[in-house]
């Protein structure tokens, strides 16, 4: 009988825990070949003059891949690291290692979806199946109380029906043993210089900016171990100039170092031990917002944005030299709160949700800059950038998403007061 080998193509799923793709690959093969591609397209410049992946997220990514590599090495194996596009290497890998099937997690972003489609077409020429898994959401699409095409566009309706009628499945256990394909050359981790950055350094002083599954699980454990004392982090609710509690879990959720179901069930365990509180609820609400934006992208694609002609109304490169946009980027707008948040973003790769909401609102409604310019800058700078959440949130602030809002005249002082009242119920960028 043929020795069945499955290639496991890792993307934004850099973990062992709650990884259905990995569990099934192990169960249905004699050996697996884990692979990660450092795709150069994710480090190129965009039409906005920004870089798709900035230095902070690039370093976090390298740390996360290294963490997964170290885990596999402890189990007697490794992960093959390739610097290149998946569609340029996948056929050779299938032939070289006599691969019977390829497993991967399908993304919802248009660029990621196109890559999956191209790889699937290439594998079809070899009569090799590309199996799709969905492991980035709290709720599986088949467990929702409605088909994708009927998902409510209004978040409040989505939340109400989902929380009432859907179930959150239990987590898949981490595999204890893995048989790896025999291989001598597993490839080297790239340095930031090799990825196109000027240096390997960076201001990574914050404890949460450590990549990998182990760091994410430890952060979650420490966060929830505080129990009821988590209130001491806030001393009141969040406001635009007092961000209060922020779990920072989005940093690990984005690359799949943490599973949203893992976070959900750990929070539920903490609630049973310490009782419910507002910060636990905020963490769960953030998971639901992540699902909402992913399912909206799955349902509508680019049509998620209401703005007529968005496909052709993307700002060209000349927008990147707009003085108002440039001053906003470097924190020289003259508004002290906006400037503080933008400098924090540039210095650390992270700002809490109230800050993201405020600087987005200011750029769009005060400076009059097109929202896509801000979304592209966040794409470069944020450690926890996720396509659906980032672009969905910016569209929401601009009022061009499917969850329609009233389009009134903008008053910054009034908006700050509104944000102070409603911040706990607004979407998470994570």
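Every residue, even glycine, has its Cβ placed from backbone N, Cα and C.
According to TrEMBL, the features are:
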- 231, 246, 247, 248, 249, 250: FAD binding site (BINDING)
- 4-138: domain 'Photolyase/cryptochrome alpha/beta' (DOMAIN)
> Looking only at the domain 'Photolyase/cryptochrome alpha/beta' (4-138), what is the mean pLDDT?
Replying inline: 96
>> Is it possible to get the count of other C-beta atoms within 10 angstroms of the C-beta of residue 249 (FAD binding site)?
In response: 25
> By a simple count, how many Cβ atoms lie within 10 Å of the Cβ of residue 246 (FAD binding site), its own Cβ left out?
Replying inline: 23
>> What's the number of neighbouring CB atoms sitting within 10 A of the CB on residue 250 (FAD binding site)?
In response: 24
>> When secondary structure is assigned with DSSP, how many helix, strand and coil residues does the domain 'Photolyase/cryptochrome alpha/beta' (4-138) contain?
In response: 60 helix, 30 strand, 45 coil
> Using DSSP, would you call residue 250 (FAD binding site) helix, strand or coil?
Replying inline: helix
> Fewest neighbouring Cβ atoms within 10 Å: which of the binding-site residues 247, 248?
Replying inline: 248
